[in-house]
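Data block below; observations after.
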């Protein structure tokens, strides 16, 4: 019987000679089979080959990038689907209301009461929205949210994006949970400088169709001496707020809106006085009052206290959207749990990071540079002045919950108690929050008592140097010079050189601020004492403490 020899190519090499090759001799009439353990690949000419064309394995970096891409794609897909479903749901509701307002072929028209309720609900939805224009192109949604959040909880921010330039078009719509928040934002944010520009805040263009209903709601609200209070500290209770505002008159009710899931208040509420003058005095005196490190936002209520007028909550999402969001969130959470376990095991492997969800930053890694977006103010330099602190060394009594183990915490507690005993004699130790929560306060001293209850703010470790250099004097050596000079007073975490333009004009003055972050507050005070009033290059330097909360929130404009 005739035989035939079949030479196979493996990894691009022709069999034969000294190169490794696979060959098989089979009878002419027999069916050839690949060796055991190999895969057969069908070629274009119909022939089979036993060679397995394997791709090179992915490197750890490539695997990590692939996981990031998958996670980011999932998040964007979920966000897109939810937005589309929400818009479709709202449009459907509006269509149903419009169709129900007229006589339909197979049904009855809405009753006058139902029609009025639908119109009011529509008016409330419009009252909750504000238009924000003249937004600097480098500012993103996070900056807008941070600027407008003090007035009340934000439901959504809609920024219009240019698909060609991939930048927003300079305007946005901010939707709050309650109309009073939008009204306060309209009154207090118009013409405020944000990112070097005076933003424009107004009502959406479609408010005209609902203006009669809005005027009617405002007229009904005047019958109640209610005020709206926002930016309330999370540690304050209804009774605390009531005791503060009782100084202006007798209060009929004081209620903070609460999250039904967590039971915590949402940072805003309503207070109703017995007299109209009391509400006017409270608004004029307490608006922008610093209570526990947060500036209260206080204004007149623009809607009557009727449960039927409560705006729709996010719980009105379509069931399909809610299910999709829950399933996707669970999947992402599971991925993060796996990534977190990997971080615990290696203490050096970066976790999966996405624009929306990030793992906790390991202790010992210097914080990211403060990229404040107050453009055209520009950060020209951020210099870490020392290497990262090893993970095994706790810094200033701060313990990262991801890396800390129970024995370590147990060892740190006695040390913390000893430090408190050394800092405060028994007669001078500050009262704890739990010891003060049952105190009774009222009248004009209530505000100070509540502030004392909340006064647990961390001392600032940031120093700002003003009037030190001109913009033209900034060079590559300035950061190093500042770091070296300030290093005489303590360990410098970082140095930020920030240029801030004082207007929108092209020739507007630019001032330079230099921010120096130390490891502890005592080093900051030592540096300020030494540098304040010192002359540098013919200029008298002004050294001051900078607010830690502003610095942590990337706000370098103060």
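The backbone N, Cα and C atoms fix where each Cβ goes, and this holds for glycine too.
Annotation comment: Swiss-Prot describes 426-436 as compositional bias 'Basic and acidic residues'.
The SUMO2 cross-link annotation in Swiss-Prot covers 42 (among others).
Look at Swiss-Prot and you will find 79 (among others) tagged as SUMO2 cross-link, backed by similarity to another entry. Long-range Cβ contacts of residue 79 (SUMO2 cross-link) within its own chain (separation 6+, distance under 8 Å) are none.
Per Swiss-Prot, SUMO2 cross-link is recorded for 457 (among others), and the stated evidence type is similarity to another entry.
Residues or ranges marked as domain 'RRM 2' in Swiss-Prot (evidence: sequence analysis): 225-303.
Spatially close to residue 59 (phosphothreonine) yet at least six residues away along the chain is no residue at all, judged by Cβ distances under 8 angstroms. The annotation phosphothreonine is assigned in Swiss-Prot to 59 (among others) on the grounds of similarity to another entry.
Residues or ranges marked as phosphoserine in Swiss-Prot: 111 (among others).
Residue 243 (phosphoserine) carries a helical DSSP state (H, G or I). Sequence annotations record features per position, and here Swiss-Prot assigns phosphoserine to 243 (among others).
Sequence-distant neighbours of residue 250 (N6-acetyllysine) (same chain, 6+ apart, CB under 8 A from its CB) are 273, 274, 275, 278. In the three-state DSSP classification, residue 250 (N6-acetyllysine) falls within coil. Taken from Swiss-Prot, the feature N6-acetyllysine covers 250 (among others), and the record attributes it to similarity to another entry.
Taken from Swiss-Prot, the feature phosphothreonine covers 313 (among others).
Residues or ranges marked as N6-acetyllysine in Swiss-Prot: 453 (among others).
Look at Swiss-Prot and you will find 1-515 tagged as region 'Inhibits homodimerization'.
According to Swiss-Prot, the region 'Disordered' annotation covers 415-436.
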All-chain count of other Cβ atoms within 10 Å of residue 243 (phosphoserine): 23
Local confidence of the region 'Inhibits homodimerization' (1-515) - pLDDT mean: 70
Three-state composition of the domain 'RRM 2' (225-303), taking helix and strand from DSSP: 22 helix, 30 strand, 27 coil
